[in-house]
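Colleague: For reference, the structure I am asking about is given below.
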Amino acid sequence: MDNSSVCSPNATFCEGDSCLVTESNFNAILSTVMSTVLTILLAMVMFSMGCNVEINKFLGHIKRPWGIFVGFLCQFGIMPLTGFILSVASGILPVQAVVVLIMGCCPGGTGSNILAYWIDGDMDLSVSMTTCSTLLALGMMPLCLFIYTKMWVDSGTIVIPYDSIGISLVALVIPVSIGMFVNHKWPQKAKIILKIGSIAGAILIVLIAVVGGILYQSAWIIEPKLWIIGTIFPIAGYSLGFFLARLAGQPWYRCRTVALETGMQNTQLCSTIVQLSFSPEDLNLVFTFPLIYTVFQLVFAAIILGMYVTYKKCHGKNDAEFLEKTDNDMDPMPSFQETNKGFQPDEK
């Protein structure tokens, strides 16, 4: 028999019907390259987002952290509880329930900052919430996991990658701080950088989703219940975050910001924790869940963006008409109204 008909083209040694095929390291190389490229791009995008953050307003959120406190309740109150309820209600395996809870306990992702710009959110609040949630995750993640995972597993077996959290914090704070400085010193140049960065950020979000699908295409076969949870979880976060912020008396543009910060999780951190905490056998059951959550949090974020753009075009209104002027919240029209003209309806 002709060996060429049975041997793999990648075979390095053939003897009869027996072939030795070297293991492909394409995914490992692609993962390393793309991880490096995406990290650099993300830092550049966060620098551009920082160009829309005003130092005085950012410090104002720190000094009067009512918006941050609402976000904290959503991030480490609503999301872990929602994950727990979904896990119990669906009756999934213990290891799967733990992964769902890990996702619920993660801090907000930087993608929320990019999307907050596109829906005319409060960029100062968005950046401060992401920074604070990442910092507080150092203590809140172990606490939330201890509270909610006791019925399934010893929380001590879950490895919290404090180094990854620290890197995420540095990768967020440094570029944004530089962007804030540029906005303070050269506001006109900052607007140009912001426009370019906002478009690059939108492309980056899509690129991350595509790369994830390519790298882990063989892992998409997973229990249907996890697909259902991965669909419900992000939209529940968006909805509950919005309504809690509204219940707390926050203006509409901040409600949208809190909604995004609540539903959009740091899925990369979740994937890291899962890989560090579970055996290869368990990983086969759960590894895809962070990818599923990533896909649906982006899908629903795109839907929210589309609804917002449609609403503005149909009604011709901006947030200034909806800002409640109270003694506790006498903010002027947000600066993003003057910067982000992309979704302003045409005026005669």
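Every residue gets a Cβ built from N, Cα and C, even glycine.
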Colleague: Read off the topology recorded in Swiss-Prot and answer whether Gln75 and Thr310 share one side of the membrane.
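Modeller: Swiss-Prot topology: Gln75, Thr310 on one side of the membrane.
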Colleague: Determine which recorded stretch among 88-108, 127-147, 158-178, 225-245 has the most C-beta pairs below 8 angstroms with the transmembrane segment (285-305).
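Modeller: Stretch with maximum Cβ contacts: 225-245.
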Colleague: Tally of helix, strand and coil residues over the topological domain 'Extracellular' (109-126) according to DSSP?
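Modeller: In the topological domain 'Extracellular' (109-126), the DSSP-based counts are 12 helix, 0 strand, 6 coil.
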Colleague: Same chain, outside the topological domain 'Cytoplasmic' (50-87) by at least 6, Cβ under 8 Å from its Cβ: which residues?
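Modeller: Answer is 96-97, 100-101, 103-105, 107-108, 117, 122-125, 127-129, 132-133, 136, 140, 144, 147-148, 175-180, 182-184, 190-191, 193-194, 197, 229, 232-233, 236-237, 240-241, 244-245, 248, 250, 254, 257-258, 261-262, 265, 328, 335-336, 339-340.
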